[in-house]
């Protein structure tokens, strides 16, 4: 049996643009996609922390280092510039892999710059709180990419 498991998330990113007339998808800074191990074209769920909307779409690589997170197409009715969102990707794994897999958690600041990489799906890094024990400092994790 294959299990569908959380494999990556970009946590609390800020939507930088929305284009209702684009054909669809979400445009994400290539640096964020790389850090989360999410491929262009990969299915992602978007959870809008600001208004509670949830949707599924696919990713398009945005300009590296730009901080872009653009909502495209009909989803622009639900998610707006300035909204805080979580992008979640899932993967199918056999039972053994699912029990031992460590996902990638990418924490970003208000400008969508990476501030922390982690492996704990329950990480909820918020300003002013200490780092969760399973997360790693950015420089240490970056060296492994």
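Each Cβ is built from the backbone N, Cα and C atoms, and glycine gets one as well.
Under DSSP, residue 25 (active site, schiff-base intermediate with substrate) is assigned to coil, being neither helix nor strand in the three-state scheme. For residue 25 (active site, schiff-base intermediate with substrate), the same-chain residues 6+ apart in sequence whose C-beta sits under 8 angstroms from its C-beta are 57, 58, 59, 60, 72, 73. Taken from Swiss-Prot, the feature active site, schiff-base intermediate with substrate applies to 25, supported by sequence analysis.
According to Swiss-Prot, the feature active site, proton donor maps to 58, an assignment based on sequence analysis. DSSP assigns residue 58 (active site, proton donor) to a strand in the three-state reduction.
The number of other Cβ atoms within 10 Å of the Cβ belonging to residue 57 (substrate binding site), over all protein chains shown, comes to 19. Residues annotated as substrate binding site in Swiss-Prot: 57, 73, 74, 75.
The feature pyruvic acid (Ser) is assigned by Swiss-Prot to 25.
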Set of same-chain residues at least 6 away whose C-beta sits under 8 angstroms from residue 74 (substrate binding site): 20, 24
